[in-house]
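Taken straight from TrEMBL:
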type   : residues  : note
DOMAIN : 284-389   : domain 'Cadherin'
DOMAIN : 390-497   : domain 'Cadherin'
DOMAIN : 498-604   : domain 'Cadherin'
DOMAIN : 605-709   : domain 'Cadherin'
DOMAIN : 710-812   : domain 'Cadherin'
DOMAIN : 813-916   : domain 'Cadherin'
DOMAIN : 917-1022  : domain 'Cadherin'
DOMAIN : 1023-1129 : domain 'Cadherin'
Amino acid sequence: MEVSGRVGWAGWCCSVLPHSAGAGPDWTVVFKTVLREGVRRSAPPRCQLPDTTPVGGQVFHTSMDGPTHYKLDPRRTASYVHRLFHVDRHTGAVTVKRPLDCSGTFYSNPVTLWLEAWSERNGAPLDYATVPIRFILSGNACRHHAAVLEREVTSWVDTAALSLPLPDPDPTDPDQLCVRRSQVILRIPDLLPRSLRKCKLEYTSVSDHRVTVEIHGGDLVSLFDTCLTGVTRVKLGLRILCSDLRAPYEHDLMLVLHSAAAAGEEGHMRRIRRQMQSAAPYFERPLETAHVLEETDRGTAVTTLTATDPENGPLSYSIEALRDARSQRMFEIDPSSGLVSTRTSLDRELISIHYFKVKAVDKTSSPPRSATTTLQINVDDANDHPPVFEREEYDTSIRESISVGSTVLTVRATDQDVGPNADLRYTILNPTGANEAFRIDPKSGELSTRLPLDREAHSHYTLTIQAEDQGPTQYRRTATTQVIMNILDENDNYPQFTERTYTVEVPEDISAAASPVIAHIQASDDDSGKNGQVRYAIIGGNTAGHFNIDGLSGEVRVAAPLDHETNRHYRLVIRSQDGGSPPRSNTTQLLVNVRDVNDNTPRFYTPLFQETVQENAPVGFSIVRVQAFDNDADDNSLLVYSIEGGGENLPVEVEETTGWVVTRRDLDREENHHYHFTVVARDHGDPPQSASATVILQIQDQNDNDPVFSPKNYEVSVSESDYPGTPVVTVTATDKDENPRLHYAITSGNERGRFSITAQNGRGLISLAQPLDYKQERKYILTVTATDSGGRYDTATVYVNVSDANTYPPQFENTPYSATIFEDQPVGSTVIMVAASDGDTGENARITYSLSGETVPEFVIHPSTGAITTTKPLDREAQGGYLLTVTARDNGTPQLSDTTDVEITVVDVNDNSPVFSEASYRTTVPEDASKGTSVIQIKASDADSGINGRVRYTFDGGNDGRGAFSVDETSGIIRTTRQLDREAVDKYHLVALAVDNGAPEKSSSVTVTVDVEDVNDNPPLFKTDRIQLYITENSPVGSTVGEVRAEDPDVGANAHIQYSIIGGPDQQNFSMVAHPSEGRAELVTRVDLDYESPKKKYQLYVRATSAPLRSDIPVTVHVVDINDNAPVLTDFRIIFNNFNNHFPVGPIGRVPATDADVMDQVSSPPRLYEDIRQCGVEG
């Protein structure tokens, strides 16, 4: 060891015994060291470069471990150097570009190059470096001052700076790196340029007490367990001795240690460079942002940019447009203050953002240093553009049945401005009147209905929509557009007849074969298209099929012959129905009156009338009534009687209206005792019809005995339904005269000529002459006279009680009937009351109602009131409607009846909840399914109808897998809304709801279990980015270094992991022992490990494979030092030169004792100092 210093006392030799501070054995070393006077540190020469070096010749190779790019630092390297030398961008090789000159005439000698090296890839061991290189140019032109140059250069000590990202940050604190005692931090020789790697290094100093350099391998190691935080700077002093240099030279190495986690941060490299390079101007931020309002005056101040010069030099500012050259003409910067201002009026719509490179230059430095930043100028909007609608006019069609709140269309306007100036609000300018049916969302422009629509009231709407921006109130701009809406028809109107009831009269002899039109039924429907097309049908009163109707025109025609005498009136129920879906209908009545025609001939009650008359019968004596009847009506039934035949002197005549044959002159039995003639009855029809009967009169002699009735009083009942000619009662009178010929006559009480009496076999047969009417007369008191031919007579009283006949059938008042009932009405609820009327009285008019046709157990009808009530609960879902046939019967004999249909519609109520087709659903979906993948379709049905049965689907609250799934509310298809991850959630329990639209709503829920199928989408993962293992030196081969374990979030076969060593410079020194059942592997040694060797840290790569996925991780094995080396003390000599009576006090040098164990600190025992002291006393 050489110790510099100058002392003035004589020396001698001593032996010393140093002791190691470690735990190893003590061993004695005898060493000698000579302390020489006047020795100083040698000055390091630099590289000498002959000026005869050819162009293209390589003079230095800067290639380093890590950097991928090399260049000359333009800030620290003079411009002429760039003309002399070239640095390969990728290898760092320095070559000569032009002939060199060492004279110093054209440029200075020596030449200094500052090289920058950096890496653009993460994980590089060296991410940035600045390396100084000095070339002393030699040659014939500079031989005379070569020694001077060498002395000057050797006085300089250069510093190279290296930025080193340290791996393995503490996961809890990425900015902190914790190392163990004796752990290798980095290997210093590996950091040097390639041209210096064969040089010998001596380490003279370390600036940080926490670390040291292990001299055998040149490793920077930790002296004890410690943590490095933030950016740590360690300055190393080096003495470098290369084979091609005459003497070693000194160099400083600045190591800037920082966390690898921060290497990827924005601005990291810039901060490192600033700390490593000489001070240059800099802006605080890489991007400055400013705002200016468009259309402002020229010269408007925008912003002031200020750079900082650590050396406080004056700065000059300039700007350069980056993206658009037009920006350069619009802004300027004050070179002194950095004030940026406008040069012209701006238009945001022309250029909304301007980008400039702002440069600050320190011209006082040589070469000048500069800083740049980017300036972004945002031109703020002025409200100078009105809104513009996409269309000048919108035209759409909507159905009148659209529900309130439904969207009709969305209008959209755009505004070239931005911000509030382009924030548009929509309004309806003509919202009154019919347009009140609409409203518009002021933000979205969504036009929707706010009132129900009716096409029949308004089929066309025209709205004026305004779009207004939200700029300052006084500067707001607007635009308008027209929205024209045509309302499409829905079948919401019933057909309407032109008359409530139609009446027509038809002659009974109308020809049915010609199908004549007797009436024209007309109905109109306010709807349009098929909804307004009406069809007609006869649905009641046409039981015998006498009529039909044309379904399109409504013409009613006769289909079968009519007979006034059978049926005088018809009440037809006609329905008009439109073509909508579902159709709507209405009904009316057509009353058809059948007009009588003279199609019946008169008929006598008997074709032969025989009568006797006394010859003393006075003139005008009524002999016999020859009566006929006619089934026609009115004038067609009025009869006129006349006599045909019988000779010219016939003593009798017939009364034209009554048919009585009366004497017109005195009879003379001696003249003629027998008369035979014909009585003709002729009606008033056109043409008239007639019939005849034969009358035989016998003239008898007179007698002197009065006829006698026995009994005197008769009582009899007769039905009003009996036909004329029906015998009522026979009265009998007797005459004691010989061969009496009695004549019977009704002399009183025969109102309206309802009865007639004829003599038959000496008796008087009272018969009906005209139909009876119980409503007009219920009782007749007839006086019957029996007169003999001599004019003698007797009377009898006949009491005729008219009994009501069942002549009128019941008739329903409104037919057919229709009614509605809600399905939730309780049993016993009255649905409808039917009513029929009967023109009869008494029992004949007492009506009993009953249900006929198919049995409908859900309903019953009250026999007296006609009230139809429910007998069972109704369920519209089981049967939505019923058609009942109701019969009304009177209690006459025979019974007469009428029937009608009652259509009962069961109205739905929301009494059924939706029912899912499955009690629960379960499905699977692979975890790599794309967004929107259909997972499963759930289906629910609702037995209700209409909106009550319309089902929509949703999820119950948050049971949608935390937003992982969505359900289509219409189809029930469940889809993924994002990418699934089985490793995060392997199973979803969704709760889906089916909700109807009833009021109140009913819903049901179902559980949908979605199992996420695993796919091998996760590689095995290590818990850290790299693995640090530690093993003490001298461990035997096959020792376990540590455990390697990865985890695979997948399951099953996808989670099986295989471990292997795949690379690294030291992979051959280790092997992997797998433990598949435990999911781990052990790293074991294959070589002996020695900390004092150059290899203290081993690098390899381990792979964890779950085919086909894998993960690689770097593994660092640190060899831990143990005290396995004894201290070494070489011989040394101490020479003291001292003055008389003056002995030096204090340290005089360092004992050259070393220990190969870097953790051990060598110390001398107290005895050494005692020996030295004693030597000094003796000397």
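Cβ atoms here come from the backbone N, Cα and C positions, even for glycine.
The shown structure was predicted, so the numbers you read here are calculated from the model rather than taken from an experiment.
The highest tally of CB pairs under 8 A with the domain 'Cadherin' (498-604), across 284-389, 813-916, 917-1022, is held by 813-916.
Across the range of the domain 'Cadherin' (710-812), the DSSP-based residue counts are 3 helix, 55 strand, 45 coil. Residue counts for the domain 'Cadherin' (917-1022) under DSSP, split into helix (H, G, I), strand (E, B) and coil, are 4 helix, 47 strand, 55 coil. Remark: secondary structure over the domain 'Cadherin' (605-709) totals 4 helix, 49 strand, 52 coil, with classes taken from DSSP. In this model, the domain 'Cadherin' (917-1022) carries an average pLDDT of 88.
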